[in-house]
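Listed in TrEMBL:
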TRANSMEM  20-49  transmembrane segment
TRANSMEM  97-120  transmembrane segment
TRANSMEM  132-157  transmembrane segment
TRANSMEM  177-195  transmembrane segment
TRANSMEM  201-225  transmembrane segment
TRANSMEM  237-263  transmembrane segment
TRANSMEM  275-293  transmembrane segment
TRANSMEM  300-318  transmembrane segment
Amino acid sequence: MLQAAHRIGSRALKHGAHWAIAAAAFVAVFALNVPFPVIVISAAITGFIGGRIAPEKFHSGSGHNKQEKAAVDAAVIDDHTPVPAHALFSWAKLLRIVAAGALLWLIPMTVLTLGLGWAHPVTQMGWFFTKAALLTFGGAYAVLPYVYQGAVVNFGWLTAGQMMDGLALGETTPGPLIMVVTFVGFVGGYTHAVFGADMLFVGGAVAACMVTWFTFLPSFIFVLAGGPFIETTHNKAGFTAPLTAITAAVVGVIVNLGLFFIWHTVWPEGAKGGIDIPAALIAVAAAFALFRLKWKVTHVIAMAALAGLILRLTGLSAV
């Protein structure tokens, strides 16, 4: 996770202002517990103002290095490719897509509310993950602290350890990391017996499906409705400056998430419970392999999983 923050940061933090935004976001979420939506909005406002004061520092379209430029030149579709007819922006198309998306959201939410009640865990999952989907600036790494706060701390759908298990599964299985929310939904529905003790699997499966639906639906709406509009904003600082600042803030949020999982992995029982030495050694070795030896993430994950399995089978780790 820290390696992902380093990779994103190396591309996004090009000026001192970007570093300052990332540092401020880290302090806000780490020390002040500022909600992620507030961080995103604050970063957008900062970027908008910064784009007016110092546009050269907040213009994300300024350049690639030589390697990136070569890759861009070799692309079949790049920033200079004419927009096809079906992707041209129109208000009528935008309204149609938004209306269809709103209907696809409203129907299942209405069924859940009338059939199960607003306070039912599955209904609350649908509402919570709708909000989470609207805040996925920066992808799964950026929104996972928000998901953790709601799913673990506020609602208690799963434990911190189970959340880390879900993250590990998300990192080692095909598909986007945000699919960890499906795991959250299943565990929450199963452990809370949302449909009764005799239907544990059904409860978990339904909760997982609902969480997946309400998480991905807004994303598809954003792409289909907003994609043509975004195509019209290329190289317009009024739009790129806020997004540049948000990206910088996301780096700070991801660093916080990495430290959070390091803490709960290396000190599973808290500071008073002592350090988990095997977990700490695996973490240090993984960091060395990623940053120093430049191993691929998949190879590091495989070796870490093998090390954990060996420790478990030999009795050297109780986890």
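Including glycine, each Cβ sits where the backbone N, Cα and C put it.
All annotation found in TrEMBL is predicted automatically rather than curated by experts.
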Counting only residues 6 or more past its boundaries, what in the same chain has a CB within less than 8 Å of a CB in the transmembrane segment (177-195)?
120-122, 125, 129, 132, 136, 139-141, 143-144, 147, 151, 155, 157-158, 162-163, 165-167, 169-171, 201-212, 215
Mind checking which residues of the chain, 6+ beyond the ends of the transmembrane segment (300-318), have their Cβ under 8 Å from one of its Cβ atoms?
171-172, 276, 278-279, 282, 285-286, 289-290
Contact set, same chain, for the transmembrane segment (20-49): CB under 8 Å, 6 or more residues outside the stretch:
9, 13, 58, 135, 137, 142-143, 145-146, 149, 238, 241-246, 248-253, 255-256, 259
With Cβ-Cβ distances below 8 Å as the criterion, list the same-chain residues six or more beyond the ends of the transmembrane segment (275-293) that contact it, or say none.
2-3, 6, 262, 265-268, 299-300, 303-304, 307-308, 311, 316-317, 319
